[in-house]
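Colleague: The feature region 'Disordered' is assigned by Swiss-Prot to 1-98, 266-291. Annotated compositional bias 'Acidic residues' per Swiss-Prot: 11-29, 44-63, in sequence order. Residues annotated as compositional bias 'Basic and acidic residues' in Swiss-Prot: 64-82, 276-288. What Swiss-Prot lists as domain 'RRM' is 118-208.
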């Protein structure tokens, strides 16, 4: 029998050394962040079965995702958290909400934003345009905070409806508040005296914009102006009401006075008539009491037959007869 060239004990030692090193390519690749090589069994049964390969691929992908997640979490833990900076600009540039009541703190914070805001005046509102439609048309040119549109006279609306016209509400003029002055100025420069545009078949396509930037004018000035107009209107109404009540009282007083004077006149006439009838009765009594005496003319004496006529009478009578 020939002697063996290889030493079995040396081969066993080498294998033990390799096991002590413990190199694992998959673990190394995971630590480096790379993708581990897929393991495939050399056995004929595993090669013939395709389901085993799919299952091994799924397991490898799941382990790879878990490793990536753990690495990302480790990186986040290693990085120190940065303190959040309080942004002063956001609190100062934002205008206060219209629906909320302004507290003292919010009022102080909104003063800077109010100074930066700008107001645009619309001298004419297209017929039957609502505030929501106006906001949608002007919103692309800048951030809008508040809109106020003055409604038409109720009497004119009632006349239009009675005549068979449109029943929708219309507005005569309006004010739009932008959060930035430059946006308000740019809107006026860009859109003033130009058509509203949009789709050709839209209702407001051919209407013109009438925009004017109010320099130095703020929203509180508008509210003060509206409050002053309302106060003036109410004071004028109170003055008219007091005047009408005064006239009504004067009219009632004059009517009562006229009735009183008429009653006094009727009483005076009745008294006078009564006095006249009383005096007439007294005169009748006095006439009845006094005897009337009339001076009578003496009667002519009848001529006697024996008396002679004068000579002249006889002579005239003789000439006649």
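Cβ coordinates are placed from backbone N, Cα and C, and glycine is handled just like the others.
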Colleague: What is the three-state DSSP composition of the domain 'RRM' (118-208), stated as helix, strand and coil residue counts?
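Modeller: Its residues fall into 31 helix, 23 strand, 37 coil.
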Colleague: Taking every residue in the domain 'RRM' (118-208), what is their average pLDDT?
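Modeller: When the pLDDT values over the domain 'RRM' (118-208) are averaged, the result is 91.
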